[in-house]
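*Asks:* Sharing a structure, written as structure tokens. Questions coming.
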């Protein structure tokens, strides 16, 4: 390879290394940015969490309080997701 071809090659390699050290890595930029969907979900959960907790205590207990040997049942008798009664699992 001639000197004319080696000089631009070295320049491109050095330029690429400098760009990576300056934080131009798209993976890092993607991790640093927060998605607007996450912000919307977070604000919605914060806004309605009090109502969800209040309904749980009025109609039963939160399902996450059930132990591994219990299942959470809603007042209608169907499995519950958020609130209900902790009932032992029949084996």
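Think of each number as a place in line: the chain as shown, counted from 1.
Heads up, the Cβ atoms here are built off N, Cα and C, so glycines get one too.
Feature annotation from Swiss-Prot assigns disulfide bond to 56-72, 63-83, 66-86; the stated evidence is similarity to another entry. According to Swiss-Prot, the signal peptide annotation covers 1-23, on the basis of sequence analysis.
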*Asks:* Quick check: in three-state DSSP terms, what is residue 63 (disulfide bond)?
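*Replies:* It is helical.
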*Asks:* Please give me the CB contact count at 10 A for residue 86 (disulfide bond), counting all chains in the structure.
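*Replies:* Around the Cβ of residue 86 (disulfide bond), 17 other Cβ atoms lie within 10 Å.
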*Asks:* Just counting, how many other CB atoms are there within 10 A of the CB of residue 66 (disulfide bond)?
*Replies:* 19
*Asks:* Measure the Cβ-based neighbour count of residue 72 (disulfide bond), defined as the other Cβ atoms within 10 Å of its Cβ.
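*Replies:* That number is 20.
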*Asks:* CB neighbours of residue 83 (disulfide bond) within 10 A?
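*Replies:* The answer is 20.
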